[in-house]
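S.K.: What follows is a structure written as structure tokens; I'll ask about it next.
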Amino acid sequence: MALQRTHVLLLLLLLTLLGLGLVQPSYGQDRMYQRFLRQHVDPDATGGNDAYCNLMMQRRKMTSHYCKRFNTFIHEDIWNIRSICSTSNIQCKNGQMNCHEGVVKVTDCRETGSSRAPNCRYRAMASTRRVVIACEGNPEVPVHFDK
């Protein structure tokens, strides 16, 4: 009886560990996707001015401990952004081949160089331009803004 109980416990432990191994990668990818959304996606705005950058950088928690020097907000529907992941693979800045490019409306926010966290100040530049994003998963989702 004790031997049978031990086998059942070992089997449950094995299944639990196996399950954790399968869940972790998708959880990590989901975290990276959520971070990408928080840092780079603002579909309802047109952006384009310094006040927008100052507010959004603070609101999206990129000025808490230090002033993030540069960030880009994409002003497109998330499905339009995700569709970039279905374009041909190109090489990322880090050498990996999981990047894709597309043309989108953006606001680039550049730190002025004279501010200190949490009161960071930014200069805005709105444009429609080519962007490169890294995508991962199945289906692929954006996880990193490359350039």
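Here the Cβ of each residue, glycine as well, is placed from N, Cα and C on the backbone.
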S.K.: If you pull up Swiss-Prot, which of CYS120, CYS135 shows a disulphide to CYS67?
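M.R.: Matching partner in the record: CYS120.
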S.K.: Please work out, from what Swiss-Prot records, which of CYS109, CYS135 forms the disulfide with CYS53.
M.R.: CYS109
S.K.: Are there any residues in the same chain, six or more apart in sequence, whose C-beta is under 8 angstroms from the C-beta of HIS40 (dUMP binding site), and if so which?
M.R.: ASN71, THR72, PHE73, ILE74, PRO142, PHE145
S.K.: Looking at the recorded positions CYS53, CYS85, CYS120, CYS135, HIS144, which ones sit with their CA no more than 10 Å from the CA of ARG35 (dUMP binding site)?
M.R.: HIS144
S.K.: Applying a 10 Å Cβ distance cut-off over all chains shown, what neighbour count does GLN29 (pyrrolidone carboxylic acid) have?
M.R.: 16
S.K.: Please identify, from the binding-site residues ARG35, LYS68, the residue with the sparsest Cβ neighbourhood, meaning fewest other Cβ atoms within 10 angstroms.
M.R.: ARG35
S.K.: Would you mind listing, in sequence order, the residues at least six apart from CYS92 (disulfide bond) in the same chain with a Cβ closer than 8 Å to its Cβ?
M.R.: ASN98, CYS99, VAL132, ALA134, HIS144, ASP146
